[in-house]
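Notes for the one structure printed next.
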Amino acid sequence: MNDKAETMPGGKALLDRQDERVKHEEGFAGSVKAFWSQVRSGDLGSLPVVVGLVIIWTVFQLLNPVFLSSNNLANLLFDSSTIGVISLGIVCVLMVAQIDLSVGSVSGLASAITGVLWVESGWPVWLAILAALAVGTLIGALYALLFNSLGMPSFVSTLAGLLAFLGAQLYLLGSNGSINLPYDSPLVSFGQLLTMPDWVSYGLAALAGIGLFVTGYRTAARRREAGLSAESLASLLAKAVVVIAAVEFVVFYLNQSRGVPWLFGLFIALVLAMNYALQRTKWGRSMRAVGGNPEAARRAGIPVKRIYLSAFMLCSTLAALGGILGAARLASASQQAGTGDVNLNAIAAAVIGGTSLFGGRGNAYSALLGIIVIESIASGLTLLNLSSSLRYMITGAVLAIAVIVDSLSRRSRVSHGRA
Amino acid sequence: MPDVLPHANPAGELVLALRGISKNFGAVSALTHIDLDVHAGEVVALVGDNGAGKSTLVKVLAGVHQPSSGTIEFAGKPVKLTSPSTALDLGIATVFQDLALCENLDVVANIFLGREKDPMRLDEVGMEIRAWQLLNELSARIPSVREPVASLSGGQRQTVAIARSLLLEPKVILLDEPTAALGVAQTAEVLDLIERVRERGLGVVMISHNMEDVRAVADRIVVLRLGRNNGVFTPDSTNQDLVSAITGASDNSVSRRAGRRAASTPAQENHP
Ligand SMILES: Nc1ncnc2c1ncn2[C@@H]1O[C@H](COP(=O)(O)OP(=O)(O)OP(=O)(O)O)[C@@H](O)[C@H]1O
Ligand SMILES: [Mg+2]
């Protein structure tokens, strides 16, 4: 091919700024304006959740001043982490426009397997955990097999799995109904007590901002060198400072009582890893493509079936991990584990956080944001001594609102040509 | 491009040879015993009426559909195109009539889909630069490569699909109505591009309903009718011959219209 486009004589507009029809907002005011027009066209991102969270926190704080206390927030983070991990798996299957309705049962089964193998059969704890995780992975592979080779909709296969694996959980636990995990074991303290030393939490918070700045700076430098528009140093610095200040403040507040749970640290690490995988790897790109248009993905040479397989396996494995962490949190593997609202909370969290039910759109942070919304509601209602009947109704309503926002913003994106 | 190109057959080696390709969709025989040769450095135009089976043939070559019978040889060796990725790996790139883009992904992601640089750490900057180069070669008018494809016009999407087919450095390019939605400048650019690609020694199969475009670039014109071969023509064969091969009759609506127009305005008949 000829390379007339490769040389860029001096004074020529930047490679991606040559079309005079496009408005490019510069500077800080410009970023705000661009963000606003993006929101208006239906690309809401995490905005609805953040607004919702502020409202929820304000209301509960007014009703009960304990709500925003450092201690209650630390508890909230412990609770969020277990179901949050499950929700992270849901993000994966939603990304390829599938669903897993059995994550609750799979998490319960995993906790039962851990309990039986570790406490009753005397396996080393790590081996019991690995076995439970492996069962989760196999379950995901089974769903993928049913979907890929028989065309069984995941809605149906996982609904069948919901019952079947609940049955398996009850069978494993037998007539006793529950197994207590030893209180002094590392697994249980990890799930109930362990928090980061202050210096670690402050350090990690600072690292987050510095990491953000360094990667942003490197990208901007490369883009500028290549003749592409790039983010300004001031804007990068401003972002990093805001992130550091915000996270350090949260850490400082939590450190006033129990501190930042290691369990939550694990959850955040998983969220960051998933975010990287979805945004910056070929696998993540393929996941989005398959969720958006499986036939186009196939014609581009993407191994579509393998992508579905990876999504289902990741989801069930993370569900199993969530179940194990949940067992550690409660120091028991019981018949109730993974039942009730676990399933729905995990799915609701992903959707509330902004991962679309229609596939191909969303990110790992939605699991984090969504689960904090859900656990905030749960914690606030518990503090108000409201019965679980009311809690279910309110959580149900919040899920409905989230799905409505998802559907409306999808419609708006279509009419603004951003589907 | 009004100039008359010397369509001397470049007589490159045979890259793609189809023998007796048939494809049935249930009771419908979309293709029946199709033979087709594509040489290196040759542009083969595939023409035919709506539903003649052109897109089906292209999809067979792209590995999207498996033929019901027949053999395909690529560079002298028989091949089985069992999936789109085998066709892509052989070096057969395709622009589909329905484009097959992912609307939720941006232009860069679509162009590089399935062929991203650095699988574990996507080189976004590198990919964006290459995307702009490809688009500029096509004189694309695309405001931003970081917008989802859903926000592009039909012609812009077509340009993106063409840019994607060029990325691989393929040996054969299949273009299913590549200029159907394009503007004047962009059409000329694509025809130029087809010629440049031919000069580089690639085989090109182009489907088009626009006889002017076909005559401008094609070395051979292969006519399909109702899923069967219906003649091979050179670009300087008469319109009459082509139309009757396409429609299957010398007395057809096209020639009748031409006749009526000639009768009512005899003065304008003798323009080139
Ligand atoms: N997936 C399919 N299932 C069933 N029938 C099909 C399928 N694809 C194509 N056909 C049939 O095969 C025949 C040829 O279709 P094809 O798309 O190849 O036509 P075409 O020559 O590309 O027409 P056009 O000029 O309108 O694009 C048509 O009768 C069509 O109905
Ligand atoms: Mg067609």
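Every residue, even glycine, has its Cβ placed from backbone N, Cα and C.
What TrEMBL says about this protein:
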- A:47-67: transmembrane segment (TRANSMEM)
- A:73-94: transmembrane segment (TRANSMEM)
- A:125-147: transmembrane segment (TRANSMEM)
- A:159-179: transmembrane segment (TRANSMEM)
- A:199-221: transmembrane segment (TRANSMEM)
- A:233-254: transmembrane segment (TRANSMEM)
- A:260-278: transmembrane segment (TRANSMEM)
- A:307-330: transmembrane segment (TRANSMEM)
- A:342-360: transmembrane segment (TRANSMEM)
- A:367-384: transmembrane segment (TRANSMEM)
- A:390-408: transmembrane segment (TRANSMEM)
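The stretch in closest packing with the transmembrane segment (A:390-408), judged by the count of Cβ pairs under 8 Å and taken from A:47-67, A:125-147, A:199-221, is A:47-67. Note: the stretches the transmembrane segment (A:199-221) and the transmembrane segment (A:233-254) are in contact (3+ CB pairs below 8 A, sequence gap of 6 or more). For the transmembrane segment (A:367-384), the neighbouring stretch richest in Cβ pairs under 8 Å, chosen from A:73-94, A:233-254, A:342-360, is A:342-360.
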